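What follows is a single structure, written as structure tokens, with notes after it.
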């Protein structure tokens with residue numbers, strides 16, 4: 001865009017959570033990407049490209065850039081519902097300080113590549129670290145593409161719909177595919193032939209390699225997860241885990257599998273019954289669950305910082321959980337579901353994923369600082385060069401700093417933003433709000449949550465891609 005990209009504030013709701021980490025989420029871009037439903041969307045491992053595909057059978061590659069053409073959000077007030085002395089509810093307004101980066105995540109409006117060749121809808125995508133892309137389709141084929149090259153680089157024929165694919169993480173000349181025919185196939189890319197296969201005796205709906213490439217997990221429509229091992233090129237079934245739903249009305253289909261980075265034991269499995277399971281080996285150590293009416297969750301994804309889990313429910317809500325492994329949430333012996341989360345509504349979304357790139361932008365001190373930006377009025381005031389220099393910092397450097405409380409559910413009191421019960425900190429009176437802003441203006445920026453700067457990209461039934469950015473500091477509610 002030649003004009004500044006407009007941003008729209010989103011209403012983020014909390015469920016059984018006392019700290020709002022995603023206190024200022026904005027909808028930025030809206031791109032008409034495909035004709036019809038988008039079924040799959042994946043970032044390249046380095047976060048520089050985004051691949052999307054779906055009902056129209058076209059694979060589109062989008063270039064991710066860092067751009068300054070973004071309108072500064074004016075999102076300074078947030079309402080919290082507070083109970084009064086007699087149990088009556090009353091609304092109080094607290095400002096939400098917003099830190100706007102000098103340069104922000106952006107997707108080029110026109111695709112870098114449009115790959116044609118599939119004759120039916122595309123169900124899954126997979127990236128290699130060398131920017132090759134696999135696409136699996138209802139046309140019973142997997143096709144190979146490469147960024148920078150036109151046309152299809154290889155076709156791999158199957159006997160039925162190919163539901164899921166993934167490159168071997170340690171050998172890009174090998175990939176795995178799962179199909180409706182129940183077969184799991186290991187393919188050699190150079191020879192375009194099957195090297196090994198196994199029969200899961202069920203419709204395969206999700207698949208994931210271990211980070212070391214020595215095995216993989218196959219998820220099935222019945223809720224069964226099959227753990228396979230590769231020993232000297234011999235494929236064998238190690239064990240099975242059943243994640244069946246107790247409710248007859250709920251499906252058990254496995255919708256997504258993702259291993260934790262560099263950990264071949266820790267894996268996250270998403271199922272149709274609205275639950276996300278964290279397994280250590282074959283033992284369930286954590287469960288996450290959305291709202292009671294969230295319905296089936298699509299494949300959940302761990303953010304690049306490892307601090308949050310992002311998923312989308314059938315209720316068109318994007319769900320954001322704290323990673324229990326990172327914040328040491330203690331599960332009970334019965335491994336009860338963790339329901340504390342944040343969520344926001346975006347009608348008709350089918351996929352939601354966090355950007356896989358690391359934050360390397362610099363906060364724009366000319367838009368936010370101790371004396372030059374008023375979050376209540378959105379006005380810019382004159383600031384001394386000394387103040388600007390002291391407020392300028394690299395988010396990339398911040399992520400590498402040793403901050404012991406970062407991502408913790410227990411924030412240092414002096415680092416928290418307004419508490420709803422603190423009369424002198426939270427008020428509908430502008431003067432009080434100004435005082436609170438002055439009180440918090442000298443916050444150590446290390447108090448920023450890893451949620452700050454998180455970019456979530458969604459795809460929808462309408463074929464549109466949308467971007468959401470969190471620029472707010474954590475707020476106690």
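Each residue, glycine too, has its Cβ placed from N, Cα and C.
Keep in mind that this is a model prediction, so the values were computed, not measured.
Quick look at what TrEMBL annotates:
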REPEAT    31-62  repeat 'WD'
REPEAT    115-147  repeat 'WD'
REPEAT    155-187  repeat 'WD'
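Using a Cβ-Cβ cut-off under 8 Å and counting only residues 6 or more beyond its ends in the same chain, the repeat 'WD' (31-62) has close neighbours at 107-109, 111-116, 118-129, 131, 133, 135, 137, 139, 143, 145, 147, 304, 350-351, 353, 355-358, 457, 459-461, 463-466. Residues in the repeat 'WD' (155-187) partition by DSSP class (helix H, G, I; strand E, B; coil) as 0 helix, 24 strand, 9 coil.
Helix, strand and coil content of the repeat 'WD' (115-147), in residues and according to DSSP, is 0 helix, 19 strand, 14 coil. The average pLDDT computed over the repeat 'WD' (31-62) stands at 97.
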